[in-house]
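Below: the structure, in structure tokens.
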Amino acid sequence: MRKRRWLMSAICGLVLILVGKSFIFTEYKVEGISMQPTLEEGRYLSINRLSHLFVPVKRFDVVVFLAPHTRENYVKRIIGLPGDSLEYKNDQLYVNGVLMNEPFLLQEKDKLPGSRMTGNFSLKDISHHRTIPKGHFFVAGDNRLYSRDSRHFGLVRSEDIVGRVSVK
């Protein structure tokens with residue numbers, strides 16, 4: 001009798017773990033080169049679908065979201081948060097007037113000596129906002145020359161974020 005109760009408890013526990021895992025985590029396959037070299041095309045990622053609901057998304061987090069123009073899943077890096085003003089000048093990111101370090105771009109920048117990865121623009125130039133509105137984010141691919149991102153389709157709504165990349 002005890003053995004049977006233990007077995008049923010173990011089976012129920014296993015079912016709960018499997019169901020919970022499939023609800024919380026999902027898999028995403030990287031398509032395209034917009035996040036290279038950080039994320040290579042064809043790589044599978046584990047996406048935590050709940051973490052961004054409990055822990056706010058931070059600058060430079062990598063997320064999967066529904067792209068506003070296609071409603072397809074895209075993977076990009078969060079560059080701008082609600083309330084931020086953004087500007088790229090001479091291939092440098094300025095957030096609220098402060099120069100930001102983007103170490104994830106160094107490898108690609110080293111391949112392009114004398115060239116720019118990111119053209120000059122301000123948030124106002126591309127979105128008609130001085131600051132990012134509440135509930136919105138500015139996203140960009142790490143391979144800036146080959147990324148379709150907020151520079152092209154605008155800001156991403158917080159409700160369109162599918163999840164945070166938890167395993168790269």
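Using the three backbone atoms N, Cα and C, a Cβ is placed for every residue, glycine included.
Bear in mind that TrEMBL entries carry predicted annotations, made automatically and left uncurated.
The active site feature in TrEMBL is assigned to S34, K76. Here TrEMBL flags 4-167 as domain 'Peptidase S26'.
Using a 10 Å radius centred on the Cβ of K76 (active site) and all shown protein chains, the other Cβ atoms total 25. Around S34 (active site), the same-chain residues six or more apart in sequence whose CB sits under 8 Å from its CB are K76, G141, D142, N143, Y146, S147, R148, D149, listed in sequence order.
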